[in-house]
Each structure stands twice: as C-alpha cells, then as structure tokens.
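Asks: Have a look at this one before I ask anything.
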Amino acid sequence: MSSEDREAQEDELLALASIYDGDEFRKAESVQGGETRIYLDLPQNFKIFVSGNSNECLQNSGFEYTICFLPPLVLNFELPPDYPSSSPPSFTLSGKWLSPTQLSALCKHLDNLWEEHRGSVVLFAWMQFLKEETLAYLNIVSPFELKIGSQKKVQRRTAQASPNTELDFGGAAGSDVDQEEIVDERAVQDVESLSNLIQEILDFDQAQQIKCFNSKLFLCSICFCEKLGSECMYFLECRHVYCKACLKDYFEIQIRDGQVQCLNCPEPKCPSVATPGQVKELVEAELFARYDRLLLQSSLDLMADVVYCPRPCCQLPVMQEPGCTMGICSSCNFAFCTLCRLTYHGVSPCKVTAEKLMDLRNEYLQADEANKRLLDQRYGKRVIQKALEEMESKEWLEKNSKSCPCCGTPIEKLDGCNKMTCTGCMQYFCWICMGSLSRANPYKHFNDPGSPCFNRLFYAVDVDDDIWEDEVED
C-alpha cells in the first residue's frame, strides 16, 4: 500500500466519522473498512402495501399502512490496499424492503459512480446518492408494494460481471419480469419472509417516531411549560401533547373518582381516549389496578347478557342465558333472579322493597304501553297498583301532614290551636316548631317569653271574623 493511498483512506474514514453519528457510520476495528446505515427521507403520507395476490399467504394480505420511516439500507465496505488510486472499495448492500433486483440496480450505479471518481475517494458520494436519490433512481412512489425476491428466479453474478449487463430496476410496485432476473452477488435482501418484513417495518417506524418525538420540544397546554418530548405524552388519535406530570395528576383524579371512561384528551370537545398502556406508564400500580378493575366492570355493565352475583361477599359476573331470568353464580352457586336480584322465585312475581316503590312508580308512569306491559308481567299488576297507591298516599301525607316528633305518626291539622296531640302515642307537641310539650303544662311553651313560639298558640289559625264579631256582640 502506497503512503498516498493509506493517507487518503485514513482521511476519508476520519471525515465520515466526523460527519455522521455513531448510528450512521461505524469504522471497522481490524481492517480498513466499516458500515454505514442510510436512513432515507420519505415523502409525507408515504404508504406501503401488500397486494392480495402476493406469493406468500398472509392473514392480513391486502393491507395498507402509512409510515414515516423505513429501515435503513446498510452498506458494508472494505478498502483494498490500492484504493483509491486503482481499485474500488469491495462492498455489500443490504436492505429489507427493496427486492434483490432493486438492490442490484443500486450496486451497479455505485460502480458507475466509482468509474466517475476513479483515483479519488468515493464513499461519501455513495452515501449521498443512496440517501438522497434512491427513491427517484428506482422510481419508488407511494403506495409502494412490498415484495420478497424469489430465489428460484435468481441467477447470481459476481462483481466482475460484464458492465454491459443490464439490470431491471423495478418500479414502485416491482413490475413483473418476463425474463430471468439477474441479481448482483453484493445485493442482499436480509429478511426471511414477507410477514416478518411487514412487522419489522412497522416496529422500526414506531421506534423512530418515538425517538423523534422524544428529541423535540413541546408546549404543554395544561401547565404552559415547554418540555422535551421524553417528558411528554401524546394521545394517539388526536396527537395532542401534554407533559407527563400534568397527565399523571389528571389521570389519578379521574381514577380515584371512578371515572375510568373519562380519561379523554384534556382539549375541549376532543374525543380521544388514553390507552391502558399510557395509563399504566403514568400512574402507580395500585391506582392502575383500580383503573383496570373499574374498566372491566364498566365494560361488563354494557353487556346485556352479563349480571353480577347479588351477594355482597361475591359480586362476580354471571352470564345470563337468553330468555331465562335465573342466574347461577359459578363461584358461590347462588341461584338468583336476574330482575330483582333476590333468591330465584320461579314464575312468581318479583318482590318489591319499600325503597324501590318510588322508582317503580316513576318508571311505570314514564313508560310507554309496551314497557308498562313488561312491568306488569315482571312485578304483577297488584304490585304495580300498590306502588301507585302508596306513593300517592305518601305524597299526600308529605304535603298535608306532619310526623309526630315522638313516634313518627302522620298528623293532619284541620283547625284549632297549635298545641297538638298525637293520635298514636298521645304525646303533646307544637305544630309550629314540632317540639315535644310538657304533659304537666303543655301551654307553658306558648306563654314563656323565652320560647320561640311565645304568644303563637293560635298563630296561622283561620278565624271567621263575622262569627267572632257576633260572639262579641252577644
């Protein structure tokens, strides 16, 4: 190796190491060579797809995805002793998403670039071409069809093959080739199957999007602080960004209040909802367990064929058979009516507790004719009638009577003074303040100047003035 070639190689490798970061260029340890990773800049809304008639049978054949990043092309090279004065670098070009024919076309163009730069270093020109011109050179546009090269059609050639050999570049969808494909030995599509390729592309795209997000600055719309993306989180549907500290507090408040269905984007009127994975990343394990449990319960509540065991010590979900009102808990074996949640009673009407009479009456009054018939069938007409009558009586008593302060018996006052006597327990009480009166001297309450009802024995009593005047004249 001449000293000029040696110096040129060292300078070129040093320049590449200073231009590119460690993820894009790595110098080999034992030989004059290295590895470069070429990350292509894709146009916006770039789509990839697999056609339904692909050679490989896929469960999701015919799918289409919009991506922002594709896995890099990898150029591995070794510099011979007489580079750059006489010989080109020996290299291999590998990529997951380009077919062997397309990679071979790129290899051929790298050879042409060497011929143009013969006698001078060429690695930077190669890397710039691969990064900036690959898509245009191969006529790749969106949507781009993913394909795996068929090894049965491949006739490999060596790097010393005739330069006059023409290669089919392929297009955006990798057009069909009538003649046998010729593939360069240096072109490697390093992927096992089309299904693996799809998953690798999607995983890489997601990882790169996260990496770009983490390195940018965002303004949190809650605390109005500017923070790195690594300290922020975005909602997947709307892409609204907030800092993790604010979202953590927001999620914790909602979960403690039991509002697990309301972990929406804080942006007004935005319907985006946080995923369970995002919630788990921000809140503590105990709160996430509560969130997970309440979310499952709310989901089960939306299922018409799921009820809960009414036993307080159990409360496990029970599947309800269609057309059957009996539920049997698989945990405690309790048989219950799925309508009233009491012990199963066969064809007998459901029993209604006093607390539920008001709800039953309101439900019946607001129901249409069809729902009224269902309620009559479920509870029985006598129970419905009883509910209506009892609630009417209760409303009348609340409006026209007061309860005895001693025994609670409803008392109606028609006329007379405000000293009342309970018909149930015979207790004296004041109709104005509802206080109990002394049995020895019940009128002291109205004669005592310190009493709030002083001189109010006949307060609010309607007296016929004409009769009173007649009695005075007599």
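Heads up, the Cβ atoms here are built off N, Cα and C, so glycines get one too.
The domain 'RWD' feature in Swiss-Prot is assigned to 11-137; the stated evidence is sequence analysis. Feature annotation from Swiss-Prot assigns motif 'D-box' to 37-45. Look at Swiss-Prot and you will find 216-457 tagged as region 'TRIAD supradomain', backed by sequence analysis. The coiled coil feature in Swiss-Prot is assigned to 351-395; the stated evidence is sequence analysis. The Zn(2+) 6 binding site annotation in Swiss-Prot covers CYS430, CYS433, HIS445, CYS453 and rests on sequence analysis.
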Asks: Determine, for the Zn(2+) 6 site, the additional residues of the same chain whose CB lies within 8 Å of the mean position of the CB atoms of CYS430, CYS433, HIS445, CYS453; present them in sequence order.
Replies: ASN418, TRP431, ILE432, GLY435, LEU437, PHE446, SER451, PRO452, ARG456
Asks: Within 10 angstroms of the C-beta of HIS445 (Zn(2+) 6 binding site), what count of other C-beta atoms is obtained when all protein chains are considered?
Replies: 24
Asks: Taking DSSP three-state, what's CYS430 (Zn(2+) 6 binding site) in: helix, strand or coil?
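Replies: For CYS430 (Zn(2+) 6 binding site) - judged by DSSP and reduced to three states - the answer is strand.
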Asks: What counts of helix, strand and coil residues does DSSP assign across the domain 'RWD' (11-137)?
Replies: 41 helix, 28 strand, 58 coil
Asks: Just to verify: the residue among CYS430, CYS433, CYS453 with the fewest other Cβ atoms within 10 Å, which of the binding-site residues is it?
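Replies: Relative to the other binding-site residues in CYS430, CYS433, CYS453, CYS433 has the fewest Cβ atoms within 10 Å.
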